[in-house]
Amino acid sequence: MYLQLLKSLNRLHPRAWDFVQLSRMDRPIGIYLLLWPTLVAVWIAGNGSPSLKNVLIFALGVVLMRAAGCCINDFADRKVDGHVKRTADRPLASGRVKPREAVMLFALLVGVSFLLVLCTNATTVWLSFGAVALAFCYPFMKRYTYYPQVVLGAAYSWGIPMAFTAAGGELPASAWLLYIANLLWTVGYDTYYAMVDRDDDLKIGVKSTAILFGEADRVIILTLQLLSLGCLLLAGNRFDLGGWYHLGLLAAAACFAWEFWSTRKLDRESCFKAFLHNHWAGMLIFIGVVLDYALR
């Protein structure tokens, strides 16, 4: 249904599908992975009753900024994507979209996102510049460092402090526990993603934590996930979250255990499935937060 709706945009313009693929709107997994921790922060910052305005601003902001990040990512990778089996048919790599068109779409999406942020307050507006900087820098990091996933984690977590300042204008120290938790979680699941392309990346000189971790990859990922849960547990104690929240964390831990077990053969398909599976972990934690506030 969702994909059919997107494909129907071709009736409006013959190249619409190319830009849908460029912004990765046809693959919403990235939206989910960014949305759940952001909504967790929105809910906690709003003490379980966030304003509808803030929910809409951050939900739409997630969709727009994730799309913007995909545009600039493909722009940065346009000369290497053609050498990787999974990415060879992307719009920029295949020549269906021009580099300047990708940059223009990136700017448009960032501009619309900024209009949303203007509906909050000055502190949140200033923080939003950090979000743009991280989104722009991340795609280029894989050329220079084995830690591009850390930069992605910082970018994917930036909505958390923004959610708190948007709710009350102040940023409590405990909010950074949520930030660190999400950064660690992001590094973990994006390492699974990088493991899919590891052989190709080694050939073309692209760096990643999957290459850095080597044979210890799954153990390190599980360690990062457990550390993330530890930070979430501490944050929950600081924000007086109880049983339902802890149940959500326990369910997420079960997801992480399944990912560790399912990737024991290190084949591409299982690593990609493990990456996708993190959507459920994020959703379960969010449900735990919502229920914990709603059932008090």
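Each Cβ is built from the backbone N, Cα and C atoms, and glycine gets one as well.
Keep in mind that what you see is a predicted model, and the values were worked out from it rather than measured.
Here is what Swiss-Prot records for this protein:
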type     : residues : note
TRANSMEM : 28-48    : transmembrane segment
TRANSMEM : 55-75    : transmembrane segment
TRANSMEM : 102-122  : transmembrane segment
TRANSMEM : 145-167  : transmembrane segment
TRANSMEM : 174-196  : transmembrane segment
TRANSMEM : 219-239  : transmembrane segment
TRANSMEM : 241-261  : transmembrane segment
TRANSMEM : 275-295  : transmembrane segment
Range from 28-48, 55-75, 102-122, 145-167, 219-239 with the greatest count of C-beta pairs under 8 A to the transmembrane segment (275-295): 28-48
Ranked first among 102-122, 145-167, 174-196 for CB pairs under 8 angstroms with the transmembrane segment (219-239): 174-196
Leading contact stretch, 28-48, 102-122, 174-196 vs the transmembrane segment (55-75) - CB distance under 8 Å: 102-122
Same-chain residue ranges lying at least 6 outside the transmembrane segment (174-196) that approach it to Cβ under 8 Å: 33, 37, 40-41, 44-45, 86, 149-150, 152-154, 156-157, 160-161, 164, 208-211, 213, 217, 220-222, 224-225, 227-232, 234-235, 238-239, 259, 263, 266, 268, 271-272, 274-275, 278, 281-282
